[in-house]
Ligand SMILES: C=C(OP(=O)(O)O)C(=O)O
Ligand SMILES: [Mg+2]
């Protein structure tokens, strides 16, 4: 039986050293699942609300846990509906999306444990496990993830020609290492940002040169196509008062930003551009998608926040052609699945994603395989990132 008998919640550390919520779910027949909430730094304005971990735990213990005990862990919709009902708001601001997502993921894992099935199969069904996402690997970054580095938040290796997920994962690690070599040759010192990407004190223009060089070197070595992409996190660059995108001392109007990004797509043959425009500007997203959407992915992260209503608005006007899926942006696995399905029905590519603050939790690796996502964005190096990447390698090797 998969009835939930107990849920324990605790504060644990995330990769930035902040407190986050971990949930353990136990079922009648001894099924066990554990989930931990990640946490963003460049969060979208419309995301579900994360409360301080201790507060979120206290509220969830009082309002959610009593409703959940006795439910079937395997009935994910009921579990997630009960979380929503216990919260009673649209954005999980009563119990916190951090407790909600931790419990939602833990319940799914407990159900998989009872079934004796890998999580991706419990979530995605018997026919999943053959296709794997292309990992987008953050190799250079700045923005909200590292001070005194690039304005663009993430430069992402995209090993689109890799014959296997394992070769893709290792190629991204090789690009990360090659970036260090190229920076060293240029005499540029570099620490690492929150996601383990290099955070050098160089201009965005120089970062393009460095990443292109590193990608080319590794592509030559491995013999398959590697491209690269960006997360511009442009809502963080956009200044409402100036109505412009601010790059240090320079600003760009919205038209100039569209022109700039379209130019970058062509100059660098970018495979992927996330959040190239402000999270409120569907119109400019649509214009850019119209211009370059036939040759690259224009992805909405802060734009869509894994929310079906915001995604539908984008679909209606042709804004973007792909969506970033972050379960903690919306609060439950059911909501994340709904966003994936709406995207798929409308020809939008899905990219399952980590947050800049992460834990060892590997749910998103399973979610990517379960939903047949085209891409996963989960870093390149660092234990909390390799936890997901190595889990993908294990899934491919039938070793989970
Ligand atoms: C992973 C990201 O960063 P954060 O978790 O800080 O939102 C992102 O913006 O895509
Ligand atoms: Mg983003």
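Heads up, residue numbers simply count up from 1 along the chain you see.
A Cβ is built for glycine as well, from the same backbone N, Cα and C atoms used for every other residue.
Matching 231, 239, 338 to the Mg(2+) binding residues that TrEMBL gives (274, 301) identifies 231. For the (2R)-2-phosphoglycerate site that TrEMBL gives as 326, 355, 356, 377, the extra residue drawn from 153, 257, 312 is 153.
Other than the site residues 153, 326, 355, 356, 377, same-chain residues with C-beta atoms no more than 8 angstroms from the centre of those residues' C-beta atoms, the (2R)-2-phosphoglycerate site, are 40, 42, 154, 195, 231, 301, 324, 353, 354.
Those residues noted as binding (2R)-2-phosphoglycerate (153, 326, 355, 356, 377) have their most widely separated CA atoms at a distance of 17 Å. Cβ proximity to the substrate site centre (mean Cβ of 145, 154, 274, 301, 353, 354, 355, 356, 377, cutoff 8 Å) flags the following additional same-chain residues: 40, 42, 138, 153, 195, 231, 324, 326. Ranked by Cα separation from residue 356 ((2R)-2-phosphoglycerate binding site), the recorded positions 145, 231, 274, 326, 377 are led by 145. For ligand 1, the neighbouring recorded positions among 195, 301, 326, 355 are 301, 355, by Cβ distance under 6 Å. Calculated from their C-alpha atoms, the gap between residue 145 (substrate binding site) and residue 231 (Mg(2+) binding site) amounts to 12 Å.
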